[in-house]
Amino acid sequence: MSETTSTKKDKKHPLNGRRALPSNNSNAEENEVLEMEAFGLTPRGFNPKDYLQVVDIYMFKEPHEINKQQHHTDKYYSPKLVVRRGQPFQIQIDFNRPYKPGTDKFWLEYLIGRYPQQNKGTYIPVLVGDELKPGEWGAKVTHKENNSIRLSIMSSATCIAGKFRLYVAVWTPFGILRTQRNSETDTYILFNPWCQQDSVFLDDEKEREEFVLNDVGVIFHGDINDIKLRSWSYGQFEENVLDACLFLMDKAELELSGRGNPIKICRVASAVINSRDDSGVIAGSWDNTYTYGVAPSAWTGSVDILLEYYSSKQPVRYGQCWVFAGVFNTFLRCLGIPARVVTNYSSAHDNNANLQLDFFLDEEGKVDTKTTKDSVWNYHCWNEAWMSRPDLPVGFGGWQVVDGTPQETSDGMYRCGPASVQAIKHGHVCFQFDAPFVFAEVNSDIVYSRREKNGAQMIEKIDMTHVGKLIVTKEIGGDGMMDITEEYKFQEGSDEERLALETAVMYGVKKQITQDTVYQPQTDVDMDFQVQKAILGSDFKVIITFKNKSQNRYSAATYLSGNIVFYTGVVKSEFKKHSVSVTLEPSSSSTFDVVIKSSEYLSELLDQASFHFFVTARINETGKILALQKATVLEIPTLHIKTRGEAVAGREMSVIVEFTNPLKQTLENVTLHLEGPSVLRTVKKVFRQIPANSTLTWEVKCTPKRPGLRKLIASLNCDALRHVYGELNVQIQKL
């Protein structure tokens, strides 16, 4: 029996000639610690009870007590002590007799993982001294009374983030006596944005409240011409979420000694958030089929996803970019790293990172879907994490892009970042990690080219302003939108912008140079089009306008292509083709409408009700082509939430969700989700049918845990209708 056990252990931790100890990359595993570590032979009359003995340790770990209050960790639903590194915390030790500083010698030991070593920061002996040094491990007695002492303990500002085991060791002439293993004294140590010596230090209290302590956020989606927002419950303080986040680092097999470094944590987490190549947290699906899983649009927050993964150890299905970003944000804020979700509208997915998205047109000016491989995402969400970058030159710390959505591989795995936002803005893309990819997402040009009959490639149009038009995040202290485009790029067309581009090219970003002789656009005719705002299920118009600025009369063969697209810009099907010949009188404008009927698009519609229109016009007299593309999103109905009864912490209240079906068809197998951090854990209910124009009402009873302003978030999901959301702010009163 013992042999099989040892082989199992050997299998798990193969020792090779390079290591004296197996790698220490699991916070969950422990080693055995001797309660009596003898210095040699113990004399027969030795009785440990003759020496100082620890009777009890009091951790001051309740939310209202000093530690969690001072460390801003009072919101964590954890029965254990949760503190932040580089800041003193208090414990009380009760001995079997009064402590005599002259003769009694004791110290604390903090251990993490299975193979603790002092030089790796995984075994930390803390000696009791006269004063605490900022940002260094130490302890001092602050109060003595009867058999008890109060200690103030300072942790290192570079300490590993994780769950430590605590032992008190007492010196005797014959050996060291230790306290028994007691999980009640386990201590979580997290990053500390309030501590100047910490690499994640953030010096603005309002920003810390938003980027570390806010457990609800807003994620922007939709399209640049029709920005939509939805609330997301990060829930970083909810029960077991902290343990789930620590488990992710175990899953990624990040050495414990590297877990004090936010750069390393972000790099491995961006890989483990997605399931590609490492069976990580979320399986992505962009094909509109979500069998055996939850549609990405149905999730209302991160807690269910993280807890399901923590218990099943299997990827949770399914996610798209905002789900990866929402869960990543929870992970970062939970560990104490300031973080926010960012949305880039018209985001380039450039398959060969040459800062150029190639759209190929056929002879008639229609886009050739077979040869066009690049795509523009209506929007793409990623995260920013705040930290210093001692591995880069001065000036590149601060916000770093990290992205858990699996798009391209980086060092052999699907991950992205951390990439310095400042480096991206200035074109310094030589600095790790993945800056060229992010630079291309916000700076690529769209090049329309047409192949002539003789095989020559003719460039018809270059659009330098379509990509990365708007980059936004939630404002601090409110639900509004904050435009952060200028943090990523200089003003379009400015000298600084050109310089940043040239710098990026110098540092190895591929850019194909276009010869002016090849590209001579039609400059005396402007073409534009607008898509009328429309509600799902109704007809709407596309209005095309020409402006002939010349003295010549032109005729234009105009072609409109309407496509149902995934929000990633990938076409599912063309549902509308419309050709028309237009006469353009000299020095005048002309406008015409194309009507889009609901019957043309409803059966094909995808879950974000997203369309993409291409309009191309060939000026017959010159052979030149005008090309323009725009995405649009239909208005989707919303859920209405209201409450009944008094909203008081500790008392039962009712939450009512209402929805009216706006479609001309019956909705089937409709799933509703409802959640609100500190008010109610996620509940869901399936309704078999909602007939056309009928209203559904769902009442849920709950007991709020904590007073304060809280948010309720609901989503509705079925095959015919997705991305239906509702939210309500509720002020929970004290009992």
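In case you wondered, yes, glycine gets a Cβ from its N, Cα and C as well.
Feature annotations, courtesy of TrEMBL:
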type	residues	note
ACT_SITE	Cys321	active site
ACT_SITE	His380	active site
ACT_SITE	Asp403	active site
BINDING	Asn443, Asp445, Glu492, Glu497	Ca(2+) binding site
DOMAIN	313-406	domain 'Transglutaminase-like'
REGION	1-29	region 'Disordered'
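Shown here: features listed in TrEMBL, placed on the structure.
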residue: Cys321; record: active site; Cβ contacts under 8 Å, 6 or more apart: Trp377, Tyr379, His380, Cys381, Trp382, Thr405
residue: Asp403; record: active site; Cβ contacts under 8 Å, 6 or more apart: Ser270, Phe324, Ala325, Trp382, Asn383, Arg415, Cys416, Gly417, Val438
residue: Asn443; record: Ca(2+) binding site; Cβ contacts under 8 Å, 6 or more apart: Ala348, Leu355, Val467, Gly468, Lys489, Leu501, Ala504
residue: Asp445; record: Ca(2+) binding site; Cβ contacts under 8 Å, 6 or more apart: Leu355, Gln356, Leu357, Ile462, Asp463, Met464, Val467
residue: Glu492; record: Ca(2+) binding site; Cβ contacts under 8 Å, 6 or more apart: Met464, Thr465
residue: Glu497; record: Ca(2+) binding site; Cβ contacts under 8 Å, 6 or more apart: Lys489, Phe490, Gln491
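Here the domain 'Transglutaminase-like' (313-406) has a mean pLDDT of 90 out of 100. Highlighted in sequence order, Met464, Thr465, Val467, Gly468, Lys489, Gly493, Leu501 have their Cβ within 8 Å of the centre of the Cβ atoms of Asn443, Asp445, Glu492, Glu497, the residues recorded for Ca(2+), and are not part of that set. Around His380 (active site), a 10 Å sphere centred on its CB holds 28 further CB atoms from the protein chains shown.
DSSP places the residues of the domain 'Transglutaminase-like' (313-406) in helix, strand and coil in these numbers: 15 helix, 41 strand, 38 coil.
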